[in-house]
Amino acid sequence: MNYDKLSEEELLNLINMSNLPNHIAIIMDGNGRWAKKRFMPRNFGHQEGMERVIEIVETASQLGIKYLTLYAFSTENWKRPKNEIDGLMKILVLYIKRELDKLCKNNVKLNILGDISALPELARKEVKKAIKNTEDNSGMALNIALNYGSRDEIILAVKGIIKDIEMGNINIEDLNPGIFSNYLYTKNQPDPDLLIRPSGELRLSNFMLYQVAYTEFWFSDVLWPDFKTRKLYEAIIDYQNRDRRFGGI
Ligand code: IPE
Ligand code: IPE
Ligand code: MG
């Protein structure tokens with residue numbers, strides 16, 4: 001459907017509030033190309049990307065989305081030049097410094113998916129503080145995937161399961177998809193209903209491979225720094241027009 005002629009408010013009115021996706025996951029991609037188009041360094045694109053994180057977190061929590069997962073830094077992103085990685089870590093610290101009070105005010109609970117032990121000390125410290133300060137919040141759960149890789153996550157789960165089997169906490173026979181899920185970073189959370197990837201790439205890039213078994217995928221050519229509130233509305237409207245069968249008829 002072409003939504004270009006509709007205002008943001010008209011789009012909002014098209015959303016069925018009783019059929020919202022419980023869990024939305026977003027692969028925030030396209031910052032570098034957005035900057036390149038403006039003859040600016042890649043980190044300029046990441047800065048503008050942060051503005052969209054702020055906007056989309058606010059929009060999702062106001063809508064009443066229960067879980068929002070944002071893919072911010074993958075286990076493969078360490079391959080990038082040091083200057084870009086440093087810039088991304090600085091932006092992470094800046095984001096928390098700027099937004100922590102608002103997250104608390106909006107009752108948002110921050111979780112991290114991924115191994116934060118590999119982050120620079122300052123970033124780790126800020127992230128831990130934000131997790132601690134929001135731990136009792138009961139509104140939207142905001143998962144930020146940081147140094148996240150789905151294959152690493154699955155291997156970590158397998159290791160945890162083997163340990164629990166060895167210790168007699170679970171029996172091999174009892175292992176099932178539900179129990180397996182409890183060893184993932186997303187334990188106790190529902191699988192994403194809707195996965196959004198902007199920037200025109202049609203791949204998962206090592207993101208939530210286990211959790212997206214029945215997720216609806218929504219792709220767009222828009223680059224992440226241009227992914228404003230109305231794009232989220234469009235994705236949700238399209239999602240609500242899908243027929244989710246889960247293997248049934
Ligand atoms: C942001 O977009 C995603 C991150 C890894 C932070 P990119 O930096 O991948 O931008 P493109 O894909 O090069 O345009
Ligand atoms: C995926 O984007 C990772 C994040 C958005 C954090 P990439 O830009 O790293 O993915 P590829 O390399 O194009 O697959
Ligand atoms: Mg990219």
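Even glycines carry a Cβ here, placed using N, Cα and C.
Residues or ranges marked as active site in TrEMBL: Asp29. What TrEMBL lists as Mg(2+) binding site is Asp29, Glu216. What TrEMBL lists as substrate binding site is 30-34, Arg42, His46, 74-76, Trp78, Arg80, Arg197, 203-205. The active site, proton acceptor annotation in TrEMBL covers Asn77.
Structure with TrEMBL features highlighted.
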| residue | record | CB count, 10 Å |
| --- | --- | --- |
| Asp29 | active site | 20 |
| Gly30 | substrate binding site | 24 |
| Gly32 | substrate binding site | 20 |
| Trp34 | substrate binding site | 23 |
| His46 | substrate binding site | 23 |
| Asn77 | active site, proton acceptor | 17 |
| Trp78 | substrate binding site | 11 |
| Arg197 | substrate binding site | 23 |
| Leu204 | substrate binding site | 15 |
| Glu216 | Mg(2+) binding site | 18 |
Report, in whole Å, the straight Cα-to-Cα distance of Leu204 (substrate binding site) from Asp29 (active site).
11
So which of the recorded positions Gly32, Asn77, Arg197 sit close to ligand 1, that is, with a CB under 6 Å from an atom of it?
Gly32, Asn77
So which of Asp29, Gly32, Trp34, Trp78, listed as recorded positions, have a Cβ under 6 Å from an atom of ligand 2?
Asp29
For Trp78 (substrate binding site), which DSSP three-state class applies?
helix
Could you tell me which of the recorded positions Asp29, Trp34, Thr75, Trp78, Leu204 have their C-beta within a distance under 6 angstroms of some atom of ligand 3?
Asp29
In angstrom units, rounded to an integer, how far apart are the Cα atoms of Trp34 (substrate binding site) and Glu216 (Mg(2+) binding site)?
26
How many other Cβ atoms sit within 10 Å of the Cβ of Thr75 (substrate binding site)?
19
Taking the Cα atoms as reference points, how far is Gly30 (substrate binding site) from Asn77 (active site, proton acceptor) in Å?
14
DSSP, reduced to three states, assigns Trp34 (substrate binding site) to helix
How many whole Å apart are the CA atoms of Trp78 (substrate binding site) and Glu216 (Mg(2+) binding site)?
29
Whole-number Å value for how far Asn77 (active site, proton acceptor) lies from His46 (substrate binding site) (Cα to Cα)
13
Provide, as an integer number of angstrom, the distance between the C-alpha atoms of Arg197 (substrate binding site) and Glu216 (Mg(2+) binding site).
11
